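Participant: Below is the structure I would like to discuss, written out as structure tokens.
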Amino acid sequence: MKKTNNIKKETMFQAQNIFLTYSQCDLSKEEIKTFIINLCNEKKLQINYLIIGIENHQDHKGKHHHVFFQLNKQFRTRDLTIFNIPKNIKEKKLIDHENIKIKDFFYSPHIEPRPGNPIKDTTDVRNYVKKDGDFIEEGTFKHVRYIKLSKNEKPTELESLTNNYFLKLRKEYQQKEINISKTKNEIFKKLKLYAESLEPNYAFKNAKRFKNMVFEYIFESDIKELPIFDFCTFKKIPILISIYDILETQKEQLSNSISKRFKTLIVEGNSKSGKTQFFKSVLTNLELPFNYIKDDVDFSDENYDEDKCVNIYDDIDIYDIQARNLTKVVIGNQKDSIVNMKYKPRTKIKGTDISIMLVNEDTSIEKYCFDNFKRGRKEYKYIRENAIFINLDKHTITHYEYQKYENEQAVIQHFEMPKNWDGLLYFLDQENES
């Protein structure tokens, strides 16, 4: 019996994204859809996405039906005739006769992927099926890009793609006003994810090279730093005045060489509420040089200066701090601590440094302490005794945004009433601090 598929029967076909073309096919899209669904059900496979489109050829070659579907796991078979659709279901039994040709009674598709002809980009396939506008689709489409390399082939195409993407990211971030450390970390993560979408093994093997690319070829001159707003642009509401007074008192103690370990200011509030700009403005106004550490506890030379007396930790998860055993370094400022950074010289964190933590609602340390207390743990006690909690809630604190609140007294009253979590956390007022 003659077979129309070129792949030998003993060759294992296995694919999660499958593209079929039924040439000169008179079946409807719904009939093909039913066939594909039943076939996958027999294989106990779930269809995540399915699209069927009709292409009308003007050269009298009839209609082509293009079928593309994505599965929850690989479709495996050694017999590709399984994709043949009977022209008339009653005539299926005639396949057993030796003199019967498959093409006379079955629509036999061209199948991809196949040796030497992989599906390189699922988006391209999807667009091809849609090109004539006569299609049906259902499910959730997933973009996947494949680049097949032989064992001895150098990944020049992958390198070219990742290098170009890196340059694109670098150019994009040059247009933004953003912190240099955050920029490097974000670009590295995006570059790694992009490489994984191309070829997971390639991404895994080249992760170190990607990191070197980012940290060696992005310089501070490439990135625009956020401008620091003048202190007068912030409203003189009670909670902000109290923060200013606390920092001013701590500055006086530093100036008088008073050996005192400061409690950490933990400031929680909604994202984009102006927390970062306020503290940068206050510290600049007080002439207190500061380190700004964002997203990751990075005490490397590029991100941390031991001579600066204030450390701002912005949007760093308390669980990450604990995992690195840095809780008593970041919060409460123990005696001088030595921090070991991987592949970096050891860094000294002075016990007399002023420590400020800026936290968004999704990484609330206040909520962490409450949950820790309910579970009968004791970690919350150290944080409670070595931190001043200030909650800015959802109200913006910059002058430019403040005008949208019509009732200024209501806003001021709100800021004077921080959350307390049933007495678990206490707030140190100005008198106790001094």
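Backbone N, Cα and C define each Cβ position, glycine as well.
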Participant: Check each of the ranges 128-131, 200-203, 296-299 against Swiss-Prot and return the one annotated as motif 'RCR-3'.
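Facilitator: That would be 128-131, per the motif 'RCR-3' entry in Swiss-Prot.
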Participant: Among GLU55, GLU138, which residue does Swiss-Prot name as a further divalent metal cation binder in the site formed by HIS64, HIS66, ASP132?
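Facilitator: Among the candidates, Swiss-Prot records only GLU55 at this divalent metal cation site.
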Participant: Select from 19-22, 231-234, 367-370 the stretch of residues annotated by Swiss-Prot as motif 'RCR-1'.
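Facilitator: In Swiss-Prot, the motif 'RCR-1' feature sits at 19-22.
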Participant: So how many other Cβ atoms are close to ASP132 (divalent metal cation binding site), meaning within 10 Å of its Cβ?
Facilitator: 14
Participant: If we check Cα distances from GLY274 (ATP binding site), which of the binding-site residues GLU55, HIS66, ASP132 wins as closest?
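Facilitator: Nearest candidate: ASP132.
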Participant: How far is it from GLY269 (ATP binding site) to ASP132 (divalent metal cation binding site), counting Cα to Cα, in Å?
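Facilitator: Distance between the two Cα atoms comes out at 51 Å.
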Participant: Other residues near the divalent metal cation site, CB within 8 A of the CB centroid of GLU55, HIS64, HIS66, ASP132?
Facilitator: THR21, GLY53, ILE54, ASN56, LYS63, HIS65, VAL129, LYS131, ASP134
